[in-house]
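Copied over from TrEMBL:
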type: REPEAT; residues: 45-149; note: repeat 'MBT'
type: REPEAT; residues: 157-253; note: repeat 'MBT'
type: REPEAT; residues: 255-360; note: repeat 'MBT'
type: REPEAT; residues: 368-464; note: repeat 'MBT'
type: REGION; residues: 462-496; note: region 'Disordered'
type: COMPBIAS; residues: 467-477; note: compositional bias 'Low complexity'
type: COMPBIAS; residues: 478-494; note: compositional bias 'Basic residues'
type: REGION; residues: 510-532; note: region 'Disordered'
type: COMPBIAS; residues: 512-524; note: compositional bias 'Polar residues'
Amino acid sequence: GKPPTKKAKVLQKQPLVAKLAAYAQYQATLQNQAKTKAAVPVEGFSWGNYINSNSFTAAPVTCFKHAPMGTCWGDIAEGVRVEVPNTDCSLPTKVFWIAGIVKLAGYNALLRYEGFENDSSLDFWCNICGSDIHPVGWCATSGKPLVPPRTIQHKYTNWKAFLVKRLTGAKTLPPDFSQKVSESMQYPFKTSMRVEVVDKTHLCRTRVAVVESVIGGRLRLVYEESEDKTDDFWCHMYSPLIHHIGWSRSIGHRFKRSDITKKQDGHFDAPPHLFMKVKEVDAAGEWFKEGMKLEAIDPLNLSAICVATIRKVLADGYLMIGIDGSEAADGSDWFCYHATSPSIFPVGFCEINMIELTPPRGYAKLPFKWFDYLRETDSIAAPVKLFNKEVPNHGFHVGMKLEAVDLMEPRLVCVATVTRIIHRLLRIHFDGWEDEYDQWVDCESPDLYPVGWCQLTGYQLQPPAPQSSRDSQSSSSKQKKKAKSQQYKGHKKMTSLQLKEELLDGEDYSFLQGTSDQESNGSASYYIKQEP
């Protein structure tokens, strides 16, 4: 609604237009879905073909504890046998046959019918959690016919003996598998529940929002004053950005009072036990203090780790953090991180791990040196020992494929790749997009999902950016690189709609492919240097 500024050119940027178009498509499919109730696949994109034709590997389901089956996936792996519909047959009724998993990619399995040996001509991909996949023995107990595929019908006369021989000692799905799948897809958050969530226009405060829909554990929240229900925010139910009603007041966080004084009919407060718990901290001894310096992921530009300052210490271990050099005078872009957050780091973290640290905007003395900066600003670094040094054994490796939320546009879930691993920090690259759109994300983030999650939950998946939008994207960033003056002026802050226009250029990153696996786990070299 504001008059256009020079920044309004953002929309000419092809990728953004492509994303908005994709979102319009998503809305249209949602409308259709409401009518048909069937998941509409993205036209032309298939994870199976994408993985096969490039021999990619996907992150295993066990890497995603918050996703359906993430904690009870068991030993489903290559070689496991299942009963599936037999499509290679001319019978009028639905019949089944046994197939073995040839390859696993997230929830998706490449299956080969039993008896095809090394012939891959009829191999097919399907979602293991789908309703048509059953443990071996299911047909027998439910009286369904097991019929061998037509292509191999002539190979054996005694199919019973053949199956007994092939299946003795083989593994199959646990008998309660489909029950477990449906249990793991029950979500405690219900529509009409009220929560407190970060105000996307002023990160420093929270507002009341109401759960409008729940898909796969992701909540579409509508801010309470939104008349037409379009002012919304998407996040996962385990997101650190949502809290129970009364949370802000209890820890001293800024809160935008709602003009609506009484609850609307049918709306009720979400019970506090549904929200993600943060670790208890002991703030009694040595603790974070106002003015201490640190490094933090910029919440408005997740591609960058920036020089930051603790602006305010709240209760229960929460901290308000400002990014140096680009703060609004009124503190409206301070951001709340918990002391145990994996998105804040001690001074020197980037240097030790060879990550580009974004200096304060307008800071002239480059290359940036913490030692000099602390002296010039007469400040001290937050003590290393106060930061979270736990590194879970997460199981991610560089090159693995997954489905990841674009946190700058959090209603979109995109085809993505892990391109770098620093202890527990993952660099997520969106396939088909420039590196400047990459995002630093924690390995336990609830915004990462296994391949096949969108299909399983009925959410729309954004395919890799097509070549056409990629070309205009790279030509625009080439012009940008030419236009770059020698002096680094720092990236500008953006509202979530100015999106990723001015993120760091891809050339600023040296991806250390070689060292990634040692980096992935174990915190031996996490912080070598003490703070200056």
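Glycine residues also receive a Cβ, built from the backbone N, Cα and C atoms like all the rest.
Please treat TrEMBL annotations as automatic predictions, because they have not gone through curation.
Counting residues per DSSP class in helix, strand and coil order gives 16 helix, 29 strand, 60 coil for the repeat 'MBT' (45-149).
Per DSSP, the repeat 'MBT' (255-360) is made up of 10 helix, 36 strand, 60 coil. Across the repeat 'MBT' (368-464), the prediction's mean pLDDT works out to 96.
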